[in-house]
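Going by Swiss-Prot, these are the annotated features:
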| type | residues | note |
| --- | --- | --- |
| ACT_SITE | 152 | active site, nucleophile |
| ACT_SITE | 317 | active site |
| ACT_SITE | 350 | active site |
| BINDING | 221, 351 | substrate binding site |
| DOMAIN | 47-356 | domain 'AB hydrolase-1' |
| DOMAIN | 377-434 | domain 'CBS 1' |
| DOMAIN | 438-493 | domain 'CBS 2' |
């Protein structure tokens, strides 16, 4: 399959209609969420993948904006025929709350003052970012995400989604991340913040009408960027080579290529990022701790996770180490979560999750190819009780636009199924009760059945729908031939 770009794209904006209550007790009014989408949401709204970005990222994850010289930050894995295939999936990425690329943050106008929030913006957490994303997903009328994917701080958001909204996440892929920020990670973030705060132009955060604290922000970026690389990658990229000179300068000017590279990274960063946003987002990273500062175990924190999870680490990542990823896997395994683990082999360090598109695509494609019934089924499917009338069943089918209704007991135990064909037969024969027409010997699927098994059952019995039940026979949802054809054929409609 030919791999292509999604082409020219535009950033959209969603304005929350209600206040957003924050983790720390404050609230925000008139919150705006900037987001981009790629691909088409199918009619079941079951093919949506939410991509979560890292500290310095934004909603522009793929394609090109008019006049851009570079594509979106994960364009190498998102697009037609790529790993996150936009011919098959509907990809969503939003700028995080507290950001500076279209979503409400400290550089946004405070509706109560008409001026930038600056330090009047409340402290936020990863949980707040995810809460804002959930508002967006609700706005898009998506009841359950096919997957949530993200690296670094994006991986923290993935884990928070699994914890905060377990019923909304079918699969999750946290990459190069951690379940809580370590003292070393907090230390690096604090040095970066001090670099910004120490800049005389920072002015207690009130710099928007004057000169910006670019020197401090550039230094913060330089410090952070070092943690994204590995010693091996720096040797490969720079060694001890001098920058545009044959010998040492014997002064404090730039001598080495690696110095010049860091200066470039810092300077370019100031042209696209807000210093106050850096303060707020890095603090949110520091506060991230699923164990709630050690008051619960990680296993306890992850006990309600329902998603199928793929944890990915990078062998040369010393910012968020493989050991931290394995700790997540162990905690999920203790809760019998369907979790798998893969490690990217790379010399790039933490940034490998952005650069190793080949390995990442191979791993993720393998994970998605093992699609289960739970990954695509309709949850909260319409059901009806045995004592209902034929007329009630017909009205429910029309209202819900379905052709199959599982018949259940008061505790949602599967009793049978009635179809549109059964209703037609009932009208012809003048039946008035469901128990006169419903099928009691029903072919069903389990949520953990491979999708191929469900498809074989439908072909064998010449049926177009299977109720999905748990081990106790309770109805959990419904899977149809439309779900399967959309998944296999990449049918967007």
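A Cβ is built for glycine as well, from the same backbone N, Cα and C atoms used for every other residue.
Shown on the structure are the features that Swiss-Prot records.
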| residue | record | DSSP class |
| --- | --- | --- |
| 152 | active site, nucleophile | coil |
| 221 | substrate binding site | helix |
| 317 | active site | coil |
| 350 | active site | helix |
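The Cβ of residue 221 (substrate binding site) has 24 other Cβ atoms within 10 Å, all protein chains considered.
In sequence order, 176, 230, 349, 350, 352 constitute the residues six or more apart from residue 317 (active site) in its chain with CB-CB distances below 8 Å. Between the CA atoms of residue 351 (substrate binding site) and the residue listed as 'active site, nucleophile' there is a gap of 9 Å.
Note: the domain 'CBS 1' (377-434) comprises 22 helix, 18 strand, 18 coil (DSSP; helix = H, G, I, strand = E, B). Look at the domain 'CBS 2' (438-493): DSSP puts its residues at 20 helix, 15 strand, 21 coil.
A distance of 15 Å separates the Cα atom of residue 221 (substrate binding site) from that of the residue listed as 'active site, nucleophile'. Cβ-based neighbour count (10 Å, all protein chains) for residue 351 (substrate binding site) stands at 23.
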